[in-house]
Every structure is written in structure tokens, then in C-alpha cells.
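Chemist: Have a look at this one.
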Amino acid sequence: MPVVVVESPAKAKTINKYLGPGYTVLASYGHVRDLPPKDGSVDPEHDFEMKWEVASDSQKHVRAIAEALKDDNALILATDPDREGEAISWHLQEALTKRRAIRKDTDVKRVTFNAITKSAVEKAMAAPRQVDAPLVEAYLARRALDYLVGFNLSPVLWRKLPGAKSAGRVQSVCLRLIVEREMEIEAFRPVEYWSVKALLATPRGDTFEARLTTLGGKRLERHDLKTRTDADMAVQAVTSRELKVKSVEAKPGTRNPAPPFMTSTLQQEASRKFGMGAKATMSAAQRLYEAGLITYMRTDGIDMAPEAVMSARDAIRDRFGEAYLPKSPRMYKNKAKNAQEAHECIRPTDMSLATERLRIAEADQRKIYDLIWKRTLASQMEAAKLERTTVEIASADGQVGLRATGQRIVFDGFIAIYVEGRDEPSGEDDDAILPRIEEGEVAAQGKGSLAEAFAKAAEKGDGADALVETDGSGNPHAILSKDEGTLALQHHTQPPPRYTEATLVKKMEELGIGRPSTYASIVTTIQDRGYVQKDKNRLIAQDKGRLVTAFLSNYFKRYVDYDFTADLEEDLDRVSAGESDYKQLLARFWRDFSAAIAETSELRITEVLDKINEVLEPHLFPPTPDGTDPRLCPNCGAGRLSMRTARSGGAFIGCSNYPECRYTRPFGPPGMAEEGTGIGPDGKILGEDQGEKITLRDGRFGPYVQRGEPTEEAPKPPRASLPKGWSPSDIDLEKALMLLNLPREIGPHPEDGMMISAGIGRYGPFVAHDREDGKKTYANLKDVEDVFTIGMNRAVEELATKAARRGGARAAAKVLKDLGEHPEGGAMQILEGRYGPYIKWEKVNATIPKGTAPEDVNEDMALELIAEKAKKSGKKPTKKAAVKKTTKTAAKKTTKKETTAGKTTAKKAPAGKSAGTGKTAGKSAKPDAAKDAGEG
């Protein structure tokens, strides 16, 4: 009976259903071998020999597979169809050969399938091959490069830049992108400009808006109206002239659908539409793939198998009709740099299965499947047909010209099912619906008002209020004509937006940096290191990240160069294609890289600090409003401020006259509070409400908002702390009032009429139900935003769920994650315990291993932990809790010894994520360097 090995038990379970009782299907639980996190694991002096070790938690999995091969003389390696999957198969073959589990007569085959469906698996089993040597060599080259960089560059950082954690081959280049964007934003200086629009009417009384495009007989560019005076003159020019319709041009147009998803575009769209990070997106997609619902989710390809195209066309015909089908199938060719084209796009395995027909319990998986299904069908649908109309209006003397644009959808086509998201709002009015307008008609002043838009401009402005002084009209941001039919609005040019995970992945893809299997881990790593912080889905470079980038850009410039990194990726692609020798590639890289490492060993820390002070001067010491020297010490008035390093690690700003002058401030720009909120000592005024000032302040326990000032009658005015994840820079009057008005009353409970409210407490967001005995029943909410949006139905549901979970007088533990139903019945959940998170099923409480985050625990890991706990405590389930061996036995009821292997793919770390130490370049290697040695 052949032994089939895949990565995960979920995948094994699905495949076993298709193969039947003639096969033993086991899981390897990801990689079984790795480079130990110590010096010498890659030896450049001996032809880049790599010393692999079977990880301690993988020993039992390899042993289980070896045991199965004692009875079965055939091994089928069915790991994922990419570089990592090929590497796992190679490692398994090597490890099993070393254990002598693979003998000379053992038949070893490699099979791959792009989807876990019966037909795909059977087709793959009928066409076995050998392990792909060039693909394995490309993996070995990447692994060696990442190790050599991580274990040689990180110790340099520790010695020369105290407080820096680590550097990585691709991670550091990605960090540079974010840091440079932050520097662009800081260097940006907004420029004021104005726009003018008028409300016009046809002879039939229909109104429409038009924007000013010609002034003084000359075409008006976007930034030509530079001041309020310019705008005022433009308003007068429009209102003092009779306007006529010069031309009306209606042009047919089409909008074509986007191609189906590949890894990067799936991550981008999930971020735009749902705010999901790359890691969460790939986790949901992985589960859908293992369940056989979608094709493999790590791919650079956007082409689709012919049979899948025909299936999509059939589904479109059945759901929308023939009119929505193009005459011939749409063909897509990948334009991405270095596209591997190894696999087809990410698509559903069954095009007819809409989301509502599937029982997908997990919300993220449901969202991702729906996105993939809709995008795939849309990619094979007819284009949307539009009619774009442009109306030109002008004065008789030609001095003033306005333009109105609009469009209408003539035929919706693919828009009937899917519209692609945007990274930034377009700000255009092309979607406006225009009334019937005839050439030569008078465009009179519309019978309406732009006063509402004028009032909104007065409330908010466009972000730089101090640039324009009011002329007494009460609104420095807008000018409204006396007839309220012409409006000038103030604007300011905007800096480039910060990267989101979606736009960062898009940029990496454009530059050819990273690959589908690494995007998510790279973005996660730079956040875990504290180099980058995610705030409202935007990635913000932290001072620690600026330090590392400044150091690398000056002393290892080549290795954070975008083109160099992309060229190296191309070299690795040539290795995978069998066109290049990987050891020659390693030798070329190591020759120059080791020389760069040697050069920095002679650098003194003072030299490094001087250079970083110079590079970061615009950020650390920006010009002062009064023109004085920003680096002059405010304490002694003689010393110069510069970046210093503390013995305990980390950086700060100190005076050059130390120890005579002991002035210090936190590392970063001046004016920052100790917590780095940027709030001044007297707070920041956000606005007024009911005659009282609303301010943002900084206290011992962090930033908070306050209503009014302390008085004798009310020494403690109303205050509300900022919830976790809310940045002080994003707090405006509206958000402050939302916090100050908590708790928010939702309404009376439908059963007893007692009030239900929502608020934020010391343990996070909650809903509360008043009881007749004067006490309250509480239920936790997952997100702070829920406090402001939750309605009655969901509030009642949350309270009922809490009541159902509560046992006796003891308060119910907080549920951190639902893991689904146990095979023997009953819910499995991760609860917050007094001594840390744990898994609960029936009467079994299984502790989550130290260092494992609750969000990383999946169903398979939970089943294994529950089984181990039940065995130890004597609360043994009647059936095996974790079905590790998925072999079916026909007509036999005797229980065979079950064999599996222990951890999920998602939890298998790259080199050195397990604890370990070693010496590199004279310093002890740290776990962070081990992680970065396995990033690519």
C-alpha cells in the first residue's frame, strides 16, 4: 500500500477521501528539516555546504512516515506545487534516506496538483515524476542567501547600532520603501490652490454642475488659481457673464474586467475591500485550498485552464444569460516582472458554487471565497458598455469656459457581479448623471444652491487652515457668489499616501522584490520587529526602522538597492529554470558581501552615529519656527544635540556637553511626549461642543480626550481614554465626542424592557444589559468600532451567547477564537485564562504551548493538543480526538495504530525560529537573526 505524504492533516483528510483504502495518507506538518540557528550552518569555505537538522517537533512526524514505509514499499510525495512544496518533498526524501526508511527498492515518486479535487488528484497520480532538481536548487540558493545575510549582517547591526534587532535580504529592502515614503511625506510642503464650479440649468429647468476650465481666454490648469484673490476674480468672471452650451459630445466607452487573481492581487483586493492583512488573507485562502474549494493560492500566474474557462462561461450563461458572455473566451497574459507562470490563477474549483451555496462557517474564509468566485466569473464576462458625455459651456467673449462631464451605464456586463476596488479615491465626477442638454442652449444660473457645500468647507477646510486668512466672510476655505450659484473651494496639494499592505505588495511586485510565498511573511516581519507600525491600515515607519534603513543605506547600500534585489530574484529564477548554477551564484554574492561585512568591522560607533545624525537631521532636528539652531541644547545653551546610544540598548537625543549637561529627550523629532503622541503640554483643541472646548491631552496612562476645564464644582471634567489602536493624530472633534458620549444607549431589551448599552471598559469594548436587581450583564465585543455601530439584534445575540456560556456564579472566560466543532461533537474554543490562553472542549482544557499566539492555532493543532491533554488527565475521549492517519480500511473494524506528525504548516518556522544560540562574527546569534535568515 503506497504511502502518500502531504503537508497538513486537513489536506491529508481530503485527499484520502479521493484515493480510498488503497493508500496510507500522512501529514508532514510543513518542513521537517531546517538550518540550525547558529554559525556554520552554511559554510562558504566548503562549497556552501548546508548542515540540516530535523526539528525536534518534526522528529515524530518523520518517524511516523518511516514506520509506515516498513510495510509499504512505495512513497508518493504530494506536497504543494511550488518551490516550498518541492523543498519539503526533497527534505523528506533526504531525511527518510538517512534513516534508511527508503531502501534501494523503494519506489519514490513526486506528484503535484493545482487543486484538491478528485479529478485533479487522480490526474496527478496518473502522471508521477521525480523531485525537480532545479527547483530544489533555487530553494537552496534562497535559503543560503537569506541565512548568509541574516547571520552576518544582524550582528553588525547589534554592535554598531544598539537597539536594532536584525536585517534581512528582502525585509530590509521592503523597510526602505516605507521609510523613504515617510521621508517624502515629511519633506512635502502643501501648496494652496482653488477650484471653481457653478450650478447651471437647462431651459427645461434641469440643473447640473460644471467646473471652470477657461479663464481670461486661456486654459485653466489645476493649480493656476493660487490664492483667494485669484478665486474671487474667477467667481466674478463666471457670475458676470451669460453662458451658452458650446458643444455636447457623447462617446461610447467600454470598461473591461480585471484578470483573475494571483497572490499579490488577491492580497491587495482583500486589503482594499475588507481591510484584511496579507497574513490573514493567505491563512483564509490556505484553508479554502485544503478544503478543495479553490486552486493553489501562491502563484504569479493569471492564466486559467481551458476546462476552467469553459466552466466559468457555463456558470455565467446559467446565471446571467448569453448577453453577458463575450463571443470568445478572454485570454490573460501576466505582465508582472519575473512572472513564474508556474501555476494558473487563483480560482474556484467549481465555478457553479456561489458563496451562498457553501457552508463556510469562518467569516474571513467566506469573504475570500466570495471575492475569488466573483472576480473569476467577472474576468470571463462581457465588458461594461458606457456612454461618456462631455458638455462645454462658454461665454460669448470666450473669456470663461466651463465643462460638465458624466456617464451612464448602457450595459452593465461584468459590473453585474464585481467591481475592482481602488487604493485611493479618484476624486472625479465622471459618474454624475447629466440631464438632456442641447448645443446652443443658454446655461442659466440653476435654481438651487451651493450653500451646503460652502458650509461644509467652513467646517472642515482641506487640511492647512493657517495658510489662508479670512476676509470677514467667516469662511477662509470657500467663496460663494451672492446668488449662491457659483462656488470657489480652497484645496491643498497632498503628500504621497502612506503604504497599506495592499499598495506595499503592489510596489514590491512592480519592482520584482519578493515572491508570492514571501509577501505576507515580509510585511509581517517588519511589523513584528517594531520597525513599522500599522495604524488604520496604513504602514508608518518607526524611528527604529529609520535607524536601520539609514545605517544600511550608507554602509550596505548595494544590498538594499531595489534593482540589485530584483536582479538577484531574476538570477534565482534562472536557477529554478535549470539555466544557472546555484553555487556559482552564491560564490559571486558572498565574495562582495563578505568584503562589505569586513569593511564595517573597522567602523567606530561614533562614526556611525555622526553619519546617522547627518542622514536623519531633517527628521530629528527640523527647522525651528524662530529660525534658531535646532541642534542647540535648550538646557545649557552651548552644547549640540545629537543621537546617542544607551548601554542598555536603544537610542535617545542627548547634549554634547555630557556629563556637565544631562539634557536628554526621547529619540525622534522635538515636541514629542514621552509616549510619542506629539501632544503639547496644554493639550490640543479639537473644537467646541455646547459651549465647551473639547481637547486631546496626554496623561500618565496615555492620550485621552476631555470636555471643558476643571472647575470648583467639577474638578474632574468628563474624560475618555483613546482605545487601543486609535492614533492621537487621527482624533478629530467627531471621534472625541463619540468617546465622550459613551456609554451609548442601544435601546430597551425586547424581553424585559431594560436598557442595553455599549461602551469601552478596562477589558475592552462591551455591551451591557441593565437588570432589575440594579446589576448589569456584560458581553465582550471583538472590535472597538462595534461599540459605535452595533444594533439591537446583534447586542441581544451577544448577551445571550454570554449567558449560555456562563456556568454558575463564576464569570465566563473571554472567548478569543472559535475553532469549530470537535469530530465527536461539542464546540472547541480558545479562552482567555488566568495563566494564559487555553483550548476548551467539553471537560478538557488544553494549554496552548508557550510562544504560540491564539490566532495561529487552527483546528488540527487543537485536536492534537486536546488528545494529548485527555490522555494525560485520564479524560480520554471515546474516539481518537485527532485523526492523524487518514487511511480508510474497507470492512475492517480493528483499529490500526495511528500515525501523524505534529504541527501545522502555518506554525512551521523558517530557519531558527525555535530557540537556539550560536556565535556569528564574534557575537552570539539572536533568534531575530534566525528568523530573518529564513525570510525569502
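Numbering starts at 1 and runs along the chain as it is shown here.
Yeah, the Cβs are placed from backbone N, Cα and C, and that goes for glycine too.
Pulled these from TrEMBL:
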type	residues	note
COMPBIAS	872-895	compositional bias 'Basic residues'
COMPBIAS	901-924	compositional bias 'Low complexity'
COMPBIAS	925-936	compositional bias 'Basic and acidic residues'
DOMAIN	1-116	domain 'Toprim'
DOMAIN	132-597	domain 'Topo IA-type catalytic'
REGION	166-171	region 'Interaction with DNA'
REGION	701-726	region 'Disordered'
REGION	869-936	region 'Disordered'
SITE	His31	site 'Interaction with DNA'
SITE	Arg142	site 'Interaction with DNA'
SITE	Arg143	site 'Interaction with DNA'
SITE	Asp146	site 'Interaction with DNA'
SITE	Trp158	site 'Interaction with DNA'
SITE	Arg298	site 'Interaction with DNA'
SITE	Arg529	site 'Interaction with DNA'
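So where do these features actually land, and what's packed around them?
Modeler: Each residue of the domain 'Toprim' (1-116) gets a DSSP state, and the totals for helix, strand and coil are 46 helix, 25 strand, 45 coil.
For the domain 'Topo IA-type catalytic' (132-597), the model's average pLDDT works out to 88.
In the region 'Disordered' (701-726), the DSSP tally of helix, strand and coil residues is 0 helix, 9 strand, 17 coil.
The local packing around His31 (site 'Interaction with DNA'), expressed as other Cβ atoms within 10 Å of its Cβ over all shown chains, amounts to 22.
Under the DSSP three-state reduction, Arg142 (site 'Interaction with DNA') is assigned to helix.
Its Cβ placed at the centre, Trp158 (site 'Interaction with DNA') has 21 other Cβ atoms within 10 Å.
Non-local neighbourhood of Arg298 (site 'Interaction with DNA'): Asp80, Asp82, Glu84, Thr263, Met282, His343, Pro516, Ser517, each in the same chain, at least six residues away, with C-beta under 8 Å from its C-beta.
DSSP assigns Arg529 (site 'Interaction with DNA') to coil in the three-state reduction, placing it in neither a helix nor a strand.
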Chemist: Between C-alpha atoms, which of these recorded sites comes nearest to Arg143 (site 'Interaction with DNA'): His31, Trp158, Arg529?
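Modeler: Looking at Cα distances from Arg143 (site 'Interaction with DNA'), the smallest one goes to His31.
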Chemist: Which residues, given as numbers and ranges, are at least 6 beyond the ends of the region 'Disordered' (701-726) yet have a Cβ under 8 Å from it?
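Modeler: Sequence-distant neighbours of the region 'Disordered' (701-726): 535, 675, 677, 679, 683, 686, 689, 692-695, 735-736, 739-740, 742, 760, 764-765, 784.
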Chemist: Specify the secondary structure state of Arg298 (site 'Interaction with DNA') as given by DSSP, simplified to three classes.
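Modeler: Where Arg298 (site 'Interaction with DNA') sits, the three-state DSSP reduction gives coil.
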Chemist: Rounded to the nearest angstrom, how far is the Cα of His31 (site 'Interaction with DNA') from the Cα of Arg529 (site 'Interaction with DNA')?
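Modeler: Answer for this pair: 24 Å between alpha carbons.
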Chemist: Return the residue, from the listed recorded sites Arg142, Arg143, Arg529, with the maximum count of other C-beta atoms within 10 angstroms of its C-beta.
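Modeler: Checking each of Arg142, Arg143, Arg529, the winner is Arg142.
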Chemist: What counts of helix, strand and coil residues does DSSP assign across the region 'Interaction with DNA' (166-171)?
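Modeler: Residue counts for the region 'Interaction with DNA' (166-171) by secondary structure: 1 helix, 0 strand, 5 coil.
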Chemist: Expressed to the nearest Å, what is the distance separating His31 (site 'Interaction with DNA') and Asp146 (site 'Interaction with DNA') at their Cα atoms?
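Modeler: That separation, Cα to Cα, works out to 17 Å.
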Chemist: For the C-alpha pair, I'd like the distance in angstrom between Arg142 (site 'Interaction with DNA') and Trp158 (site 'Interaction with DNA'), rounded off.
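Modeler: One finds 24 Å between the Cα atoms of these residues.
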Chemist: What's the CA-CA gap between Asp146 (site 'Interaction with DNA') and Trp158 (site 'Interaction with DNA') in angstrom, rounded?
Modeler: 18
Chemist: If you draw a 10 Å sphere on the Cβ of Asp146 (site 'Interaction with DNA'), how many other Cβ atoms land inside?
Modeler: 25
